[in-house]
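This report concerns only the one structure given below.
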Amino acid sequence: MGEWRGAGIGAGIAIGPVVRLEQSAAPTPTDTLSTLGAEAEAERVVVALGSVAALLRRRAVHADRVVRGVLEAQALMVEDPALRDAIQLRLDDGVTAEAAIAGAFGAFAELLVAAGGYVAERATDLRDLADRAVGALQGLPSEAIVDPGVPYVLVARDLAPADTAVLDLDRVLAFVTSEGGPTSHSAILARQRGIVAVVGATGVAAVADGTELLVDALHGRVVADPDPAERAEAELRLAVQASALATPAAPGALADGTRIALLANIGSPSEVGDAARLGAEGVGLLRTEFLFLDAAEPPTVDAQLASYRAVLDAFPGMPVVVRLLDAGADKPLAFLPAGEELNPALGRRGLRALRAEEGVLRDQLAALAAAGAGSAAELWVMAPMVTTVEEARFVVQAAHDAGIPNAGVVIEVPSAALIADRMLRHVDFASIGTNDLTQYTLAADRSLGGLSALQDPWHPAVLRLVAEVGAAGIAQGTQVGVCGEAAADPLLAIVFAGLGITSLSMAPAALAGVRAALARCTREQAESIAAAALAAEEADEARRAASAVARARFIG
Ligand code: PEP
Ligand code: MG
């Protein structure tokens, strides 16, 4: 029985036989000096890159809309003139087509890695394209996935868009990758399609084809040949998962009728369809970075307005909570450079970056106010990375001045949680960002796969901070939601309800599981589950204690 740990995507569980994606392709070119001459090598480059671009476009035809866009962008990347120039320069030095392609793509990939965050994850895509081009030069086959004809767990180093485009996703029970983080293409696709996944599980690529693999996204664990006890627990969760999917999408509530609004986390207007279909009662977190990510200049007020309106219009009569631009650290933006910082996560990010470029903040507020004024949805706006009461007062005032009546803060820095009683006096609402709150409480960089064991929102220190904010919310009658990934964990959702949280926002695919879990216990029961978790010394112990109370009394 082997066991690996990585970052779990969502809260699901799956068991099935392994199919490995063969990615041994393209050996690094060793014979770098050309015997053919630069001109002949240049022709080989054209043929190889042309065949990769054609393969990407062929796969794009059958892919869904999101993957199609990525594949088309990649085909353009392969044909990028700057890359061609970089390859030609190397050919002029007398190297082979293989070496020139590997060298030029590698240099571009390093630039992406240096940019950090989301951008760095795209370096894997570029390296995949280089491997495919070198593979084409060496006559290696490009279709690597063998469909076994039964549902399976796909194990790979990392999945490139060109790989996933040819998969029959209905047959894939889970993805497990040994590389890549929570913002890799594999993770994004898993979130969008509600596929169970664990990414960055170092060492898992060695598992043999056909091995029975248990993939537990909730706990970021992968187990080969699970023992009978492990299997029984997994089967119970599979049954709950299946019944959750079969339950109609009603508004979120505990068994005694206490309302817990179930909202969607959305990264762009293209995701509203899934959220509405899966019964979201509004949007609890619209991440607005999509508007700014690839821009050299901030988008105009009009361009922003159109995007905000597209989301608001999908939720008439419902709340749509928009987070102001959260630039910096894991979300670097070209036009808001933070400068050289040794610790970007502790640097000029979130509201700090917006205050340094107040024009960007004012434009975003103006666009949001205009979108909200003309919409049937309820617009709420919140600021990321708020650390002090002065910051909370500043941003709430700025939003009110712009004509937005509902203005709040994301509580994701321990200082804000620790004085939540004072912070909440100045805001219309708050939402706890458990991803960052966990990173800052445990002092463990959320982008480092190697520290994933520490990045656990079940840690009682994180739970105590959530309790602090929940209690302040109850005392002052202020709504406090949770919008980090932790809200997607059904058992943790019960704990949050027991700590006074009034709404939970998550990837739409997780809504059904959380809805079903909440419906199984009363407020009082949720409080006793929360108390058991809070009393623990470690994250694992908190999880086990909550699970034992839940199973013994009402859930199992
Ligand atoms: C969080 O930090 O929990 C959060 C919701 O925001 P993000 O993951 O975008 O930083
Ligand atoms: Mg955050």
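The backbone N, Cα and C atoms fix where each Cβ goes, glycine too.
Bear in mind that the values here come from a model prediction, so they are computed numbers and not experimental data.
Copied from TrEMBL, the annotated features are:
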type     : residues                               : note
DOMAIN   : 5-122                                  : domain 'Phosphotransferase system enzyme I N-terminal'
DOMAIN   : 152-220                                : domain 'PEP-utilising enzyme mobile'
ACT_SITE : His185                                 : active site, tele-phosphohistidine intermediate
BINDING  : Arg287, Arg323, Asn435, Asp436, Arg446 : phosphoenolpyruvate binding site
ACT_SITE : Cys483                                 : active site, proton donor
TRANSMEM : 491-514                                : transmembrane segment
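Annotated features taken from TrEMBL, shown on the structure.
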{"residue": "Arg287", "record": "phosphoenolpyruvate binding site", "Cβ contacts under 8 Å, 6 or more apart": "Asn265, Ile266, Gly267, Arg323, Asp326"}
{"residue": "Asn435", "record": "phosphoenolpyruvate binding site", "Cβ contacts under 8 Å, 6 or more apart": "Glu412, Arg446, Gly484, Glu485, Ala486"}
{"residue": "Asp436", "record": "phosphoenolpyruvate binding site", "Cβ contacts under 8 Å, 6 or more apart": "Met385, Val410, Glu412, Val413, Arg446, Gly484"}
{"residue": "Cys483", "record": "active site, proton donor", "Cβ contacts under 8 Å, 6 or more apart": "Leu263, Asn265, Gly284, Leu285, Val321, Val410, Ser431, Ile432, Gly433, Thr434, Ser505, Met506"}
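For the domain 'PEP-utilising enzyme mobile' (152-220), the model's pLDDT averages out at 84. Those residues noted as binding phosphoenolpyruvate (Arg287, Arg323, Asn435, Asp436, Arg446) have their most widely separated CA atoms at a distance of 20 Å. Proximity of the recorded positions His185, Asn435, Arg446 to ligand 1, judged by a Cβ distance under 6 angstroms to any of its atoms, singles out Asn435 in sequence order. Mapped onto DSSP helix, strand and coil, the domain 'PEP-utilising enzyme mobile' (152-220) counts 19 helix, 20 strand, 30 coil.
Asp436 (phosphoenolpyruvate binding site) falls within a helical segment according to DSSP.
The number of other CB atoms found within 10 A of the CB of Arg323 (phosphoenolpyruvate binding site), across every protein chain shown, is 24.
Within the set of recorded positions His185, Arg287, Arg323, Asp436, Arg446, Cys483, Asp436 have a CB atom less than 6 Å from some atom of ligand 2.
Residue counts of the domain 'Phosphotransferase system enzyme I N-terminal' (5-122) by helix, strand and coil are 76 helix, 14 strand, 28 coil (DSSP-based).
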